[in-house]
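The structure appears right after this line, and notes come after that.
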Amino acid sequence: MDEPSFSQVGEDVKLESPNEAALLALMESTGYSMVQENGQRKFGGPPPGWEGPPPPRGCEVFVGKIPRDMYEDELVPVFGRMGRIYEFRLMMEFSGENRGYAFVMYTTREAAQRAIYRLDNYEIRPGKFIGVCVSLDNCRLFIGSIPKDKKKEEIQEEMMKVTDGVVDVIVYPSAMDKTKNRGFAFVEYESHKAAAMARRKLTPGTLVLWGHTIQVDWAEPEKDADEETMQRVRVLYVRNLMLHTSEDTLWTEFSRLKPGSVERVKKLTDYAFIHFHSREDALVAQRSMNGKFIDGSCIEVSLAKPVSKDEGRRFGSRAIYNEIALGVPCDDFSLSCQIYLFYFLWNWIIKTRQSTLKYNS
């Protein structure tokens, strides 16, 4: 396990807290710095001696139901046992009490998973149990009511004028007319903090672009499938298809490199799933077909992202896992309905979990 460093002494800062001495002692013993800003107190970020970029997505956990009079001097040692902490963010009230929840970013995903497994429903004080779950480290905003004739470059240029940290804009063409967008786009930011600051700045009704009042909110975060599951995927997800493109056409196009490699094809409106007999054939087809034109439309090809087997059992989605990742047909109802139902339920479960932990804290 990657243990925290205790070699350096953090800088002294003024801490508005009833246990200021304990916090200063924690900083001195660990070498981490601490600063309070924007309603939260940050411990670390980065830790002493850290070089390079912050940890990747999937390294942060959400902690709820924290006693309001509990602070970093009690919390950090508990979470530090799970692995090296990159940053600990405790949400604070003006009164000096905490708001009942925090975010802990570890230096590795393994440490974050360990914290979820071992510390969820952990008795932090006699009779007081905390909740720990995955943090939706969302870096993407949804912007709606965009004129449908606007291109990606135009949207990105305008968003970079009014917000900081924009790294990409994702625009999907209309299923009916590929020369137009669907009236919305996704703006990707360099960090969750940058996205949050942009959302705060663009309060409802304040952003007007091209004569339209633009709607801004969080995008539904993409859930990363675990690596073990992804290593078994032999299904490609193909989007931006023409409505009239047939399954037979897709079968022919994706079989050109290796006849007989395609097992089956399932097309739904303007996207499809291409099942291959082997993962190697799927990867070759992905590299070859991504960005190609089919029936006049430039397609996007990626590996399908199924849920893990454990999550499939937990949330009753085993049939969906089989359908997408393993290529075993489902007999209950259509694949598209199952996919939409699962991801709707998954996002609802995560949001409800975090809201419940906040409310009960």
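Yeah, the Cβs are placed from backbone N, Cα and C, and that goes for glycine too.
Features as listed in TrEMBL:
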DOMAIN    59-137  domain 'RRM'
DOMAIN    139-221  domain 'RRM'
DOMAIN    234-306  domain 'RRM'
Per-region confidence, the domain 'RRM' (139-221) (mean pLDDT, whole number): 88
Within the domain 'RRM' (234-306), residues counted as helix, strand or coil by DSSP: 19 helix, 26 strand, 28 coil
